[in-house]
Amino acid sequence: MSGEVPPNINIKEPRWDQSTFIGRASHFFTVTDPKNILLTNEQLENARKVVHDYRQGIVPAGLTENELWRAKYAYDSAFHPDTGEKMTLIGRMSAQVPMNMTITGCMMTFYRTTPAVLFWQWINQSFNAVVNYTNRSGDAPLTVNELGTAYVSATTGAVATALGLNALTKHVSPLIGRFVPFAAVAAANCINIPLMRQRELKVGIPVTDENGTRLGESTNAAKQAITQVVISRILMAAPGMAIPPFIMNTLEKKAFLKRFPWMSAPIQVTLVGFCLVFATPLCCALFPQKSSMSVTSLEDDLQASIQKSHPELRRVYFNKGL
């Protein structure tokens, strides 16, 4: 539809049906589009104004439905869904593909020596710390100590895993050695994400009814949200870290790379990038962004409170984070 926009579109929700995987994938292909990181501050502020005005019933003359949705997705790409704060540039989901293809490609090219492992795992976990904090659920702030603990623990876990597996794989096929970075990344995700979101595990994340009315905070919802994010992140990294090793193992035996060994890194980065263009939105779409759980799965005191104020309510909803 390209005519003037009707006044009753619910732009608090994505454009596509989020109850289906295809709908969620369409949504995240738009949210993770790397072109969004090229938007200027002026364009983002204009998008925010369009979205906020429309929510208040103010429709600028000449605004079309497609323009409204473009503004909504520009807004969603840069502003946190719970706090409304502008997110750090490299922490936005639209930066995932360019940042991860560079870091992952280098991790998988320079994995044979201890200094290289230390450096690239440190770079990767520094980036992950920014992403995990930027895309946390809810509005609970982390202290400097909590941030530091999460960052140091994840970096230590990733480096220890990588170095330990490097030592174990010295006497096996070089192909197996190429999978060490993936094992390190998977281990680090299991450490970094829960620690970076530890306050949610302590105090809970906001849960609402289907209309967005806040009902309280739930640690059980936080556990479900964080588990889903860990699974998504590991699977997101898998294609880019599992497919290129087979290709590179074959290419490095060819005359071309023997003659031009410096081409190994750019080829690896390109292969990883191609995988991530598809893996990032598809794995974000595995679970609904607006996740839900049964009221009976909540903590006893929150259950009692909800049953008292909303006796007919059966499910609650929450932002799982990304």
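Placed from the backbone N, Cα and C atoms, the Cβ positions cover glycine too.
Membrane sidedness, as given by the topological domains in Swiss-Prot, is identical for Ser173 and Trp262. Counted as Cβ pairs under 8 Å, contacts with the transmembrane segment (267-287) are highest for 103-120 among 103-120, 147-167, 175-195. Across the range of the topological domain 'Mitochondrial matrix' (250-266), the DSSP-based residue counts are 13 helix, 0 strand, 4 coil.
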